[in-house]
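K.L.:
Have a look at this one.
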């Protein structure tokens with residue numbers, strides 16, 4: 001005789017959606033799905049559970065129900081992985097009646113739908129970034145998880161620089177629940193700029209963007225995963241996307257006349273920019289190129305003339321000297337389109353302060369991590385409406401060398417030779433080198449050259465902006481990211 005589903009509410013942390021006795025490995029076992037999404041069973045007198053975040057999907061196979069899960073560190077209802085590892089496992093049970101099986105299927109489906117997980121994603125894979133392993137990472141680690149979670153994928157390999165930006169500018173955003181970048185940070189930057197160059201940018205920029213580390217930088221995904229104790233891995237990143245949770249992200253608009261660039265990571269001028277860009281000549285060294293060329297740049301230290309102006313966040317008004325700031329405005333006859341023009345703020349009416357050179361380094365950050373091993377701005381927040389500014393002026397070479405070795409844990413900002421503050425708006429007026437006045441520097445934003453000064457590295461190559469005054473303003477929470485919490 002078929003057994004009807006019944007509720008068993010003893011010691012449950014939340015009400016049961018469904019509770020019944022089922023067969024697990026041939027043994028009749030109580031099984032409960034709670035309103036919090038916890039799947040609980042008892043085998044051999046020992047209670048086990050799988051949290052909702054571990055369940056990828058389910059499938060009915062004849063008389064049985066297969067629950068596909070991803071668990072970590074030995075937890076979960078069926079995990080046999082070692083500590084610190086993720087393990088993909090199937091938990092299989094057999095309801096004792098057709099009615100019970102249908103009810104389990106309906107309740108599982110309703111619960112997964114209620115979580116708001118993505119159903120279809122546009123995935124960019126950059127096969128040229130970093131160690132050129134993005135294609136392999138996607139096929140072996142990322143795609144199988146998305147398939148187990150029943151997420152439809154439209155896959156696009158990028159073929160050249162700005163390819164992703166071109167696609168995003170013209171695609172039908174209503175077809176997707178999000179965009180995924182299997183790459184370093186570069187494709188993310190292209191996607192954000194593409195979304196903001198659309199006439200429907202107000203809707204488009206709210207499309208969640210997910211990152212899977214497969215490049216040389218990976219600062220954004222490191223900033224997302226590190227605070228919750230997750231490793232910066234493709235698996236951790238993918239499961240965060242599958243769960244569908246999101247968070248807002250500030251976007252900085254860098255302007256020079258009518259030219260604009262939308263930044264989500266950082267801007268650098270001076271030492272950090274020189275190391276980042278000029279070390280490309282040693283790319284064959286891998287990540288060691290930054291350390292080796294960084295040492296060379298410290299030994300042969302450059303300082304730059306210039307001036308920076310900024311609007312400090314509350315609590316940072318003591319930095320710099322009070323100053324007036326002339327904000328560049330677009331010519332009245334400029335071609336105004338419906339695309340995003342930057343935050344609507346009256347910058348000239350704000351309380352501006354200034355610092356004058358010489359400068360060793362000027363570094364602005366939107367998120368804590370600049371790369372997987374560089375905690376550039378430990379106090380940076382994703383959507384506080386401010387950029388974190390790190391300024392180094394006069395600094396002995398030995399002290400600078402010590403300071404640079406502390407980038408991995410963020411303690412470099414505690415150095416007496418570093419000023420660390422938060423700003424709402426920023427103006428950079430870059431100048432020439434102190435020791436070689438006929439040479440200028442490089443302005444680097446989000447890993448790409450924004451401007452090349454006179455006689456700088458590869459100065460003959462075209463850049464988006466000129467080596468001159470530029471201004472930056474922040475639009476709080478403009479973009480949206482898939483996030484682990």
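Glycine too: its Cβ is placed from the backbone N, Cα and C atoms.
Per Swiss-Prot, the features are:
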- 116-258: domain 'DAGKc' (DOMAIN)
- 126, 127, 128, 158, 190, 215, 216, 217, 283, 289, 446, 447, 448: ATP binding site (BINDING)
- 183, 184, 185, 186, 276: substrate binding site (BINDING)
- 185: active site, proton donor/acceptor (ACT_SITE)
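Each of the listed features needs to be described in terms of its position in the shown structure.
P.N.:
Around the Cβ of residue 128 (ATP binding site), a 10 Å sphere holds 15 further Cβ atoms from the protein chains shown.
In the three-state DSSP scheme, residue 185 (substrate binding site) falls into the helix class. A simple way to gauge crowding: the CB of residue 185 (substrate binding site) has 28 other CB atoms within 10 angstroms, across all the protein chains here.
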K.L.:
Which number gives the other C-beta atoms within 10 angstroms of the C-beta of residue 183 (substrate binding site), all protein chains shown included?
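P.N.:
Residue 183 (substrate binding site) is surrounded by 30 other Cβ atoms within 10 Å.
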K.L.:
For residue 185 (substrate binding site), which of the binding-site residues 126, 128, 283, 446, 448 has the nearest Cα in space?
P.N.:
446
K.L.:
On average, what pLDDT score does this prediction assign to the domain 'DAGKc' (116-258)?
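P.N.:
For the domain 'DAGKc' (116-258), the model's average pLDDT rounds to 95.
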K.L.:
Any idea of the Cα spread of the ATP site, 126, 127, 128, 158, 190, 215, 216, 217, 283, 289, 446, 447, 448, as a max distance in Å?
P.N.:
26
K.L.:
What whole-number value in Å do you get for the largest C-alpha pair distance within 183, 184, 185, 186, 276, the residues recorded as binding substrate?
P.N.:
18
K.L.:
Secondary structure at residue 446 (ATP binding site) (DSSP, helix/strand/coil)?
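P.N.:
In three-state terms, residue 446 (ATP binding site) counts as coil.
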